[in-house]
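As written in Swiss-Prot, here are the features:
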MOD_RES   Ser25  phosphoserine
REGION    51-76  region 'Basic motif'
DOMAIN    51-114  domain 'bZIP'
REGION    79-93  region 'Leucine-zipper'
CROSSLNK  Lys130  SUMO2 cross-link
Amino acid sequence: MTTNPKPNKALKVKKEAGENAPVLSDDELVSMSVRELNQHLRGLTKEEVTRLKQRRRTLKNRGYAASCRIKRVTQKEELERQRVELQQEVEKLARENSSMRLELDALRSKYEALQTFARTVARGPVTPTKVATTSVITIVKSAELSSTSVPFSAAS
């Protein structure tokens, strides 16, 4: 029987990845520091080191992408909340503006009525035919309002 050196090579056992190192979970791999990772990688083959580093990089990128998605959703919700808040404020200001315009129109009408009345008084003695009924009513109402808010002094 002749011995063939080739069977010796066939008997060699190739090390599988991670065989001489404890298996790391994804959480452990991501959470360990670079120094800890380098200590763990000592003694591993170049392929194992490359595979573990690539796996760590992939897992970290997944984490970054997830946190970015969460941040983007949070910012979107905040912007939507601000948009609704500002829209409500615009509607409130539009109502106030409309109310003030109505008040301004009413005051303008009263002012014009008073100017008309003052012109008729300045032209001469007041006769019932010269003064319009609406002007008298407006003046009487205005006089009632002013007498209740500011006392009239006869000493002037």
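Backbone N, Cα and C define each Cβ position, glycine as well.
Taking H, G and I as helix, E and B as strand and the rest as coil, DSSP gives the domain 'bZIP' (51-114) the counts 64 helix, 0 strand, 0 coil. DSSP assigns the residue listed as 'phosphoserine' to coil, not to a helix or a strand.
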